[in-house]
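> Here it is, the structure, as structure tokens.
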Amino acid sequence: MMSFPQGFLWGAGTSAYQIEGHYGRGESVWDVFCRRPGAVEGGGDGSRACDSFLRWREDVALVKELGLTAYRFSTGWSRVMPDGAHPDPKALDHYERFTDALLEAGAEPVLTLNHWDMPASLTWAERSTVDAFATYAEAVAGRLADRVTWWITQNEPWIIALLGYQLGLHAPGVADLGTAVQAGHHVLLGHGAAADVLHAYPGTKAGAALSLFPCDPATDSEEDRAAAVGSDGYVNRWYLDPLLGDGYPADMRAHWERALGHGLDFVRDGDEAAIGGRSDFLGINYYTRRVMAAAPPGPFPWRVVGPSGDVARTDEGWEISPGSLRDLLVGLSRRFPGTPLMVTENGGVFGDAPTHDGQVHDTRRIAFLRDHVEAVRQAVEAGADVRGYLHWSLMDNFEWALGYRPRFGLVHVDHATGARTVKDSGRYYARLIAAGGAAPALPRIEAFG
Ligand code: FCB
């Protein structure tokens, strides 16, 4: 049985707004959004989160305790550039100390520049934000490019456009389809601009992390198969293709022009060239797949019907489908040979709380982790060039509009006290990493389909 390549990165991820707390930073679009009545389940916000800005040494100690060889974190855009234009040296000092501590703990930093907490003065609806993002990238790279190799420019452009600008369910809370398509384009231009900044620093690797959802037709009918292709275009190809140098896919471009009733004039000459050909790797955030059926004509002639029958699901109801991750990685490596892949997020909500012994026996997360790592191994065996697996998340945190309810962590966080407790899954992951990716035997655990 083939195992993981030498130097494969085993890690976990977090992001600034979800864990740091507001101490010392500028106002973020998420601070503003969280004040909207009803915007966040339970009415929470990121003002305290996991208090990681103050407790960061504990977080690094956890990284070390688990033996992670990589840690994905984001520099808070609203912390580094409180007013959106000028860097705060104190914030950069913090991230410099943090990065040094990670390296000392034996973990490769994987640094995300935009994990959604942009300064409140900026919006992706405006093209000028691309320049502001490049200025921010320059400020961070100027300090850290000598010790950080892996840089993620943008986290999940589709989710930013969809939830932030199309449905208004995430900051900045805009609900307008045309604005969403335009904002998505600016996010991609931001990737290109930041990658150019990074490439002035030798040895850096720049990539975006895309939320990729394999789209399967619900039935074999021609209509459902077309729905799956359309949904794949909307969710995946619209971002993948331009990033990896193929430009916007013609079918989706025509689709948006029809849906919006006008040409995409915000895509200017030269834009696609400024987005493509700049990715040293592709980050893949994988959670679940979409099972699609045809819907009536309109901007979205497809709908998610989910898998039928009794399938394994997380506590958030998402189907657990590790085989889709394997197929996704294999498919991407065939379509984009020469572009290394990294699983930059993968995880699930399992709400297990500490029991009478003070421990968190999250056996379903263990099975989830084991089965997804096995899927990655199979992809590697099939020839996919995968460089790392970063579980989401190191710890329970502020899950955006869902507040503090969903728990994604390998480490439990008591949100009243901030106390951290390594869950059984965290310990399991530590053993798996120590064994070079070989799954420790846990006889009581049933594999998920
Ligand atoms: C992704 C986000 C991450 C977290 C996970 C559950 O969409 O990048 O911050 O919310 O989902």
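Glycine is no exception: its Cβ is also placed from the backbone N, Cα and C atoms.
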> Have a look through HIS115, HIS191, HIS199 and flag the one TrEMBL assigns to the substrate site that GLN18, ASN155, TYR287, TRP392, GLU399, TRP400 belong to.
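Between HIS115, HIS191, HIS199, TrEMBL records just one in the substrate site with GLN18, ASN155, TYR287, TRP392, GLU399, TRP400, namely HIS115.
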> With every protein chain in view, what's the tally of Cβ atoms within 10 Å of the Cβ of GLU399 (substrate binding site), excluding that atom itself?
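Around the Cβ of GLU399 (substrate binding site), 19 other Cβ atoms lie within 10 Å.
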> Given GLU156 (active site, proton donor) and TRP392 (substrate binding site), what distance in Å do their CA atoms have, once rounded to a whole number?
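Cα-Cα distance, GLU156 (active site, proton donor) to TRP392 (substrate binding site): 14 Å.
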> How many Å lie between the Cα of GLU399 (substrate binding site) and the Cα of GLU345 (active site, nucleophile)?
14
> Out of GLN18, HIS115, TRP392, give those binding-site residues positioned within 10 angstroms of GLU345 (active site, nucleophile), comparing C-alpha atoms, in sequence order.
TRP392
